Amino acid sequence: MKDGGESKDQQLTVALRVRPINETELVEGATIIAHKVNEQMVVLMDPMEDPDDILRANRSREKSYVFDVAFDYTATQETVYRLTTKGLIEGVISGYNATVFAYGPTGCGKTYTMLGTDREPGIYIRTLNDLFKAIEETSDDMEYEVSMCYMEIYNEMIRDLLNPSLGFLDLREDSKGIIQVAGITEVSTINAKEIMQLLMKGNKQRTQEPTAANKTSSRSHAILQVTVRQKSRVKNITQEVRVGRLFMIDLAGSERASQTQNRGQRMKEGAHINRSLLALGNCINALSERGGNKYVNYRDSKLTRLLKDSLGGNSRTVMIAHISPASSAFEESRNTLSYADRAKNIKTRVKRNLLNVSYHIAQYTSIIADLRNEIHRLKEKIDEQGLMQMRTEKSDIRNIQAEVQLHTLPYDRYEMDQLREQLIRAFREQMDIRRQLMELESNHMEIQMETSRHFLIIADWEQEKNRRIRKWRDELRRESYVKEDSEKDSDTGDDQSDIVEPPEVTLARENIYALVGDQSRLRRQKVIIKV
């Protein structure tokens, strides 16, 4: 993998979504304390404030927060998706990494935003739909491979949601510093329907249990990773592959045991959830420091290790914070808003992921076969278009003939026959030009293949020649050490002339010269035909 051009700093995008107040909170006597002021600002009021308390008159805990975008209970799933995530898709298919994660206390609508319902799908479904649409629009020029894996972190253990029978999996860090989940199931597909079915299958495996605070509380962090590999359909000696990764994460919510009334296993789960979210909060605090020199401890939890690139590495990242508007959730809402406000200061370094693949001569037969398949595909496409054009033009000829018969009754038969012959002759000339152009395109593609093959022969010879020169230099240097001849000249300026170029390389150079001439001739013919 190599750097695809200069990397650039990018601010982490932070959005806030305030869910509607629910019936339970209203029954408990809670009031609304979180108010959206405009498209970016939210005000959180302190429910314990007494307007008649003179001593605390200047110590109000009411505070306003400004984010990249703010949503209240009126925002639709489509609006949230469009303003937070949709803009990441073009980057992902072009080789950039992106992350979207939902953050906030339990019962504030994180899973609704990410997964949604059958009637109101969330970010997962909408993103995958638009991703495959974008791939389909550019699939004529580019070839794509899409793969996905789906996992959850439950009690600090990683579980494969597509294949739970694998048990708990370990994290590994490769030589490039990229965190990988060892043994995770990665399913390749270019079918949107198939990937949706896999997503639904994984969602059924996710750990959910009711608590006093949330009847469908997610007891784990769910992470969906989609990898898109893009390469040109035109094969060459070296091929550039763009690899983009999209992470979509539904975090479990932070919770207080007194609020959730958890006991036993539920309390243990809550402790693990809070521990990993505390580690995430510590990372956010460290990364948001203005100096940027503070040590960031990603190793405190498996969640932060997986989010290392998303928070401080190579990724365009969107954080969607969620809060309840109820006065009973004031402390949780204030903490969430504080962390989200700090996250605005985080910067990631974004760069395109490019993989350069060089083919050896032994693989060239495969490349030639791929090129021939591509020529065959293009010819079929041209034939289809030609048939459609023929049908249209035949229909046009009949219409013209009918018009002529209708409006030229006074004219004699001879003039009508002449007109018909002219139309047919023009149509045949047009089809002949189309056939010539198609043959020229085919010849041009074959010349390109031949030219690439000869270039490869020359490149292999140049590599062999350099290897021999290096060997000759090493032997000369060893002889000079043995003889202790200080006057021996180790300059190898003349050593290249001793290496005779093989006849096939000389022939390849001559063929390239001839093929370049053929290409120029074909281009001139093409211009003449089109004129």
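Cβ atoms are placed via backbone N, Cα and C, with glycine included.
No curator has checked TrEMBL annotations; they are predicted automatically.
Quick look at what TrEMBL annotates:
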BINDING   Gly104, Pro105, Thr106, Gly107, Cys108, Gly109, Lys110, Thr111  ATP binding site
COILED    361-388  coiled coil
COMPBIAS  480-491  compositional bias 'Basic and acidic residues'
DOMAIN    11-346  domain 'Kinesin motor'
REGION    480-503  region 'Disordered'
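Cβ neighbour count for Pro105 (ATP binding site): 24 (other Cβ atoms within 10 Å of its Cβ, all protein chains included). Taking each of the binding-site residues Gly104, Gly109 in turn and counting other Cβ atoms within 10 Å of its Cβ gives the largest count for Gly104. For Lys110 (ATP binding site), other Cβ atoms within 10 Å of its Cβ number 27. Around Cys108 (ATP binding site), the same-chain residues at least 6 positions away in sequence with a Cβ under 8 Å from its Cβ are Arg19, Gly253, His322, Ile323, Ser324, Ala329, Thr336.
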